Each structure stands twice: as C-alpha cells, then as structure tokens.
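Asks: Positions annotated as transmembrane segment by TrEMBL: 26-43, 49-70, 82-101, 121-146, 158-178, 198-221, 277-295, 329-347, 359-380, 608-628, 640-661. What TrEMBL records for 685-719 is region 'Disordered'. The compositional bias 'Basic and acidic residues' annotation in TrEMBL covers 685-698. Residues or ranges marked as compositional bias 'Acidic residues' by TrEMBL: 709-719.
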Amino acid sequence: LKKKKERKKKNPHIFFIVVNEFCERFSYYGMRAVLVLYFKYFLKWDDDFSTTIYHTFVALCYLTPILGAIIADSWLGKFKTIVYLSIVYAVGQVIMAVSAIHDITDGNKDGTPDNMTLHVALSMVGLLLIALGTGGIKPCVAAFGGDQFNEDQDKQRSTFFSIFYLSINAGSLLSTVITPILRAQKCGIHTQQQCYPLAFGVPAALMVVSLVIFIVGSGMYNKTAPTGNIMVKVFKCISFAIKNRYRNRSSKIPKREHWMDWAEEKYDKLLIAQVKMVLKVLFLYIPLPMFWALFDQQGSRWTLQATTMDGNFGLMVIQPDQMQTVNPILILIMVPVVDFIIYPLISKCKLNFTPLRRMTVGMFLAALAFVAAALVQLQIDASLPDFPSSTEQQAKFINMVDRPIDITAGNYTFQLEAFQDYYTYGRQFELKIDTGSPVLISLPDGTRNTLVILEEAGRIRNIKFGDVVAKPEEGANAIRFFNGFGMVLNITVGEEGFGNIISKNMSTYVDVPQGTAEFLIKNAAGNQCVFSREFGFGSSYTFIIPPTFTLEENCGQHIKEVEDIKANSIHMAWQIPQYFLMTSGEVVFSVTGLEFSYSQAPSNMKAVLQAGWLLTVAVGNIIVLIVAEAATLPDQWAEYILFAALLVLVCIIFAIMAYFYTYIDPAKIEGNFANLEPEDEKKKNLEVAKKDMVENHNEKRRKSSNSSSDEEETSQTNF
C-alpha cells in the first residue's frame, strides 16, 4: 500500500524544471539564430571570419558539458551547479545585449560605433560566459529532473522526460521564429538601425526568468549529494592501464589479451570490462564529427546564403535567419513519420536496417543536403552582378541628352539611348561622343562608375559618379537620385533623407527596405509630389529626374530608372530541399546514434558516452572553422561540394567500421562478471595474502642484516 501511494505521489516541482529548460533553450537558440548576422552586419566581419567565430562558440558550448558534469558530480552537486552556472549564463547574455547597442560609442551620432574594439571585446566576453553556462548546465538539468522521482515511479519519470524534451523543441522553435523578427525592428537613440540589442535582450531576459523560476522551487527539490563522477574514474582507469603497460613494455613480460587488462592490478575486472565496452563505442565515434561539421552550418553558411535570396512569401516576408526554423518544424513532423511509417515499411521488406546502417544513411543524406546547397549557390552566383576585381574597372553610361548619341569608349562603339549595361575597361580609356574630340577617362581600380552624358549650351560633357561595388547588406536596396531638373530638390523616404540635391548632381545612396517605398520630392517653393516604387531584396537603382520633370500628382511617370544591381531573384524556398535532406539525415543519424550508444553502454557509464557524443559535436564545429580559415576556394559552392565529398569519404569509412562491429549486451556481460565476483575476490584475497607473506619475509631479512651471518642463514632455512 505504501509503494502504491509512492507511485501516485505528485511531483509538482518538476514544473519549475520544465519551464526552466524551456526558457534556457529559448535564450540559447534565440541568441544563436541571429549571431552570424550580428557578426557580419554589426561587427562588420566578412563571411569567413563570421563563420569561424560562430563555430568556435558552438564548439565551446559542446566542450564545457564535460566540465559541468565533473563539477556537479564531484564537488557542488547538480542543484548548485545549475544555479551558479545559470548566473554566469545570464550575465553573458546581458553583456551580449549591451555589446549590440551602437549608441554607447557613437559619439558623433552618425550610426556607426566609434570604438568597435569595445563592442568586439564585450561580445567575446559575453559569448565565453554563455558557452560556459549553457554547456555547464547541459548535462545537469535533465539528470536533476530524473532525481525527483523514486525508483518505482518509472511511468512518471518517462512522462517527465517526454515533456522535458518537448519543452526543448518548443523553446528552440519559438526562439528561431521570434528573435529574427525582433532583430528586423528598428531601434536606437540617435539613429534607427537593426535592433540587435532587442534580439539579444529578450533571450537575456528569458535566461534571468529561467534562473528565478528554478530557484523558486528550491525547497521542494530532491537534492542528491555529489558521489563522484564516473568519467573521472574511467579516465583514471585508462590512465593507469596505459602507464602500467608502459612500465611493463619488456618483451620478457607476457602479453595480455587487451591493453585495458593492464589495469587489473588496481581496478576490478567488472570496471575494466565496462571501460572496454565504452571504448568500443567511442572508437565508432571517430568519424562522426564530420556529420556535425555539415549540420551546424545551418546557422552560419546557410543563413549567409539566405541573405542573398528573395524572402517574399506573399503574405509574409521571411528573414534570412528565420529559415533555420525549417529544421525544428521538420523534426516534429519527421520523427513520428520515420518511427511509425518508414522503419516499419523497411522491416516488412525484410531488410536488416541496423542502427549503424541507419547512421550511415543519415551521413549520406547530410552530404546530399550540401550538394543541394551547392546547386542553389550556383543559381545565386549566376544572378549576381559581375563585380570588378581589384585590378579592374567598370563603367556605365546614362544619356541625359534628348537624342541618341554615338559613343566610342576604348574598343567599344555603340549608340546610346538608355544604356544600362556595364563594360569592363583598362585603367584608362578614350571617350568620344558623337563627333567631339576624344577625352581621356581614368577610373580607379576595383570600382564601378556611372558616366552621365549631359548637353549644356550646345556642348556635350560627362560627369563621373562612383557606384556600389557590393550587394546591399541585410536585403536592403541601395537607392540614389540624379537631379537633371533645373532647380534644387529635396527627397525623403520614411525617416531617411537624400538631402538637397542640386541640379546636375547625384545624391548619395540610401538603404531602402523591401516593400513599397514612397519618396517625397519637393522644391524650395514647397511644391511636392510622391513617387512610389516596389522593391525586392538586395537591389540597387539610380533614379533619373529629367529636365522635363514636373511636381504633379503622377510625377513618378517622368522618372526614369537605371538598374545598378538586380534584386535577389532566387527564392528562399529553394533552401527547403537542403533543409529537408539535412533534417532527414539528423533524424536517422542523431536519434539512432543516441539510441545505439545507450544500448551498447554499461548501466553506470551512459553519461560517459553522452559526453563523448557531445564531444563529436564540438570537434565537428572545429573542423568547420579550420576549413573556413584554411581553404582558399574562390566560390562558396565549391566549399559546399568539398564538405559533401569529405562526408561521403567519412561515410564510407564508417560503413566499413560498422560492418566489422559486433553488437553486445552490456547487461549480460555485467551479469557474468557479477556471478564471477566472489571467486575473483577469493583469488584477489589470496594474492594479497601471498604479497603480505613476501613483505613480512623481506622485513625479517632486513632486521637480520645486523645479526651474525649464521642467524641470517638460519632465518633463510626456516623460511
């Protein structure tokens, strides 16, 4: 009856643990979703360096769980470890939010931080603290939740873990939807910019809430005292075996069946057998980091790829970092589909789809995902303008004369009406317009230029203006106006202004967001009109106000446009196939890998394999940062193919290793050793007794060394 009551006992305090995990996962994935764009657009790092720092951070997040587990099990206990490291975590999130406030160093109020070094330093300190916090509590929270149940509450414990992992997915899904929306807002004291402080601030607030909620339930928790960490014991056992083998490396000493058997002098055979089982699985882990090297690029390279694509989905506009949401959505759909449809169908076909074969297929699917990403990248590259190299120059001509004109520019001869194409020239070329005298034109290296052809008092001349030499950032559209009208015009769009544009002159570029933009054009007399234009993502236009322009209701019909850079034409939906392939690979690789590891692990060493699994994620991210810095591939699609090829190679190696792997039953092996334990103890006690006899004899010999030689001989004879 008492046991029945125990099984029915409620555990309301697990609510605090579940909510804590939801808030923490929201905080982590929300911050991580916008991180690479923060590096690129706020800190002004290039794609490669942004990718390197991003994956360095992720690697640290998966290295620190080992430290957290050791601290919890050997020193502080799970509860104190979670509290202390959550404080570190929350402080790191707050520092990240502060680092993204551009106004704190924007002394001249121009929208650009004057001391970028301070922002970088704050960001790095914040990320280091976050990595220590999130990694340190990762192995503790789930285990601490499991400690809240009695041994006979299996059903309640199972329900808890289901709700617990649901909270993880819910937190990550919601955060990858919400934080990119927050980032896309405009905020600032002096100038309005992308709101990274809000995108980092909300996760920071959620982390503080997570900590408070967890502490509130403190009085109700079952807090187990630290009993020592099994990983430390395993490391000591392995270390002793290696040292002992080295000390007994002489060829005269008999060899042992397994190198771990050299630990028998200090550790019992059951522990050694358990370590052997763990090492057998860890050996299979060696190729696995390559999968994570590809998988975690969803948050870096794939997000950067999305910045050059069209995110207009009709009723809604998707931000580049929101495409990461596809992964958790597909996970929720595909896990039950694979478990309840795909695997049963394979079983009915009488195919032996073992866990290791599933993992091999998962790796192959991830490689296919990167092939798909490379194909998308090729389409994107084909749509991008041909920007000049550092030794090239480009020029475009705009005819502001009311008649066609003949132009000879270097080796090119053409008649110009509304010419918009670019031509690449040498550093200098001769420009001849109609029958006029040739004029020598000099263009700076690595530049694009617009030459506006004007006619004044019957004389034709040209004015040179510099163009943008890169795609506008963050999907904005770089817009400028050329005032061919006979008076000064003032043009504004929203809260941004082009300023007063004098006649026969060009304005500076102003970034205009995707959507419908309304340009207010007015003269000094106060007459005004509105010019509306729909923009996509990443384009650049020069709008020409002709001499015949009038400030009337439909003034836009008089304005001519010249396309400097085409808008992003490849839709973000083309990324869905690569996300589908990668998520499919994750389902059959990651879920199966954890299941396989646990089935092959001894009962008391599952935490060791969990640490090994997390370590493969860390190493995978290290591989990415090495390739990003070391590879000198000129095209992004080639890097995708390189990663795909490396994973296929690793996949083949893993398949060979899996072929020779023999599945074991850890419980059965442990049971065999448990049965043999009494006999082993007798042998061990006998060996100890013999050892004591020898030591006693040696002691007698040392004492008799001060006696006569006859006594010494007698002692030896008696022995």
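Note: Cβ is positioned from N, Cα and C throughout, glycine not excepted.
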Asks: With CB pairs under 8 Å as the measure, which of the listed stretches 82-101, 198-221, 277-295, 329-347, 608-628 comes out on top against the transmembrane segment (359-380)?
Replies: 277-295
Asks: Who are the long-range neighbours of the transmembrane segment (277-295) in its own chain, taking Cβ under 8 Å and residues 6 or more past its ends?
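Replies: Result: 234, 238, 260, 356, 362-363, 366-367, 369-370, 582, 585-586, 589, 593, 596-597, 600-602, 605, 608-609, 612-613, 615-617, 619-624, 627, 643-644, 646-647, 650-651, 653-654, 657-658, 661, 664, 666, 669.
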Asks: Given the cut-off of 8 Å on Cβ pairs that are 6 or more apart in sequence, determine whether the transmembrane segment (82-101) and the transmembrane segment (198-221) share at least 3 such pairs.
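Replies: They do touch: at least three Cβ pairs between the two stretches lie under 8 Å.
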Asks: Should anything in the same chain at least six residues away from the transmembrane segment (26-43) have a Cβ under 8 Å from its Cβ atoms, list it; otherwise answer none.
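Replies: Sequence-remote neighbours of the transmembrane segment (26-43) are 49-51, 53-54, 57-58, 61, 89, 93, 96, 100, 102, 116, 119-120, 123, 130, 134, 171-172, 174-176, 178-180, 183, 194, 196, 199-200, 202-204, 206-207, 210, 299-300, 303-304, 307, 320-322, 324, 473-474.
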Asks: Which sequence positions outside the transmembrane segment (49-70), separated from its termini by at least 6 residues, show Cβ-Cβ distances below 8 Å to it?
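Replies: Sequence-distant neighbours of the transmembrane segment (49-70): 28, 32, 35-36, 39-40, 81, 85, 127-128, 130-132, 134-140, 229, 231-232, 296-297, 299-301, 304, 607, 611, 614-615, 617-619, 621-622, 624-625, 628-629.
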